[in-house]
Amino acid sequence: MHGKATGWGTWHRTGIWLPRAGAALLFVLLWSLVVRLGDYPPFILPGPERVAARMWALAAEGSLWRHWWATAVEVGLGLGLGVAVGLILAYPLAHWRLFERMVAPYLVASQAVPIVAIAPLLIIWFGPGLLARVLVSALIAFFPVLIAAIAGFRQVPPEWRELFRSLQATRWQTFWKLEWPAALPTIFGGLKIGATLSVIGAFVGELISADRGIGFLIKQGQGLYDTPLVFGGILLLASQALLLYGVISALEHRWARR
């Protein structure tokens, strides 16, 4: 029985990854075909082999992983801060209408202003170091988590709340045993969006002020007309977003199986 379960798990994982690998291969083939048929020069549209060679050269000299890791740290810290702020604000916003009427307009206004307009201010206020870039990443990541958490806390059925009141549960017990588990599926959805946005936030911060990171690489490639470097940087950003999305999806799947 255990062998059958193990075999099914292996088949299930293969069934998930094979289509994804096939889609990636198809994308690379179409990309290469467009370059060859269009006869584009490398500084306009480099082929995948040129981008791979440029990334390999960076990896060989040791700078690729340094830039990748610099952005990963900013993304991780920014997402963590954004999630913490979003969850802390979500609970009172979901339960107290007066607090919502006071705070919600300013939260919405903070998202209406483009992040590229706010990022320079944060860098002026907090300096050109890591903190400013983390704050840019957090600012763009927290809102989807906030909205998802508010919706999750509010979707708890009233009869369940009444049951907990009848059992004389404390506010903390109601939150931990009822509201938090009920809101988690929705929160995971907000986390996935926030994770991808946190990569964008870190990238914007690096474009404005950084001496390392993927955004710095892309800006450097633009200045040198090194299009393979720009394409490589875009793929590195995508790899971080996909990695975060995959980790959150795995956590969500593991929680759902409990």
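Including glycine, each Cβ sits where the backbone N, Cα and C put it.
Database features (TrEMBL):
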TRANSMEM  21-38  transmembrane segment
DOMAIN    64-252  domain 'ABC transmembrane type-1'
TRANSMEM  68-91  transmembrane segment
TRANSMEM  103-126  transmembrane segment
TRANSMEM  132-153  transmembrane segment
TRANSMEM  187-209  transmembrane segment
TRANSMEM  229-251  transmembrane segment
Answer key: the stretch among 21-38, 68-91, 103-126, 132-153 with most Cβ pairs under 8 A to the transmembrane segment (187-209) is 132-153
* Asked: When only pairs 6 or more apart in sequence are counted, do the transmembrane segment (132-153) and the transmembrane segment (21-38) reach 3 or more Cβ pairs under 8 Å?
  -> no
Lying 6 or more residues past either end of the transmembrane segment (229-251) yet within Cβ distance under 8 Å of it, the residues of that chain are 46, 51, 54-55, 58, 64, 67-68, 71-72, 75, 79, 188, 191-192, 195-196, 198-199, 203, 214-215, 217-218, 220-222
Lying 6 or more residues past either end of the transmembrane segment (21-38) yet within Cβ distance under 8 Å of it, the residues of that chain are 45-49
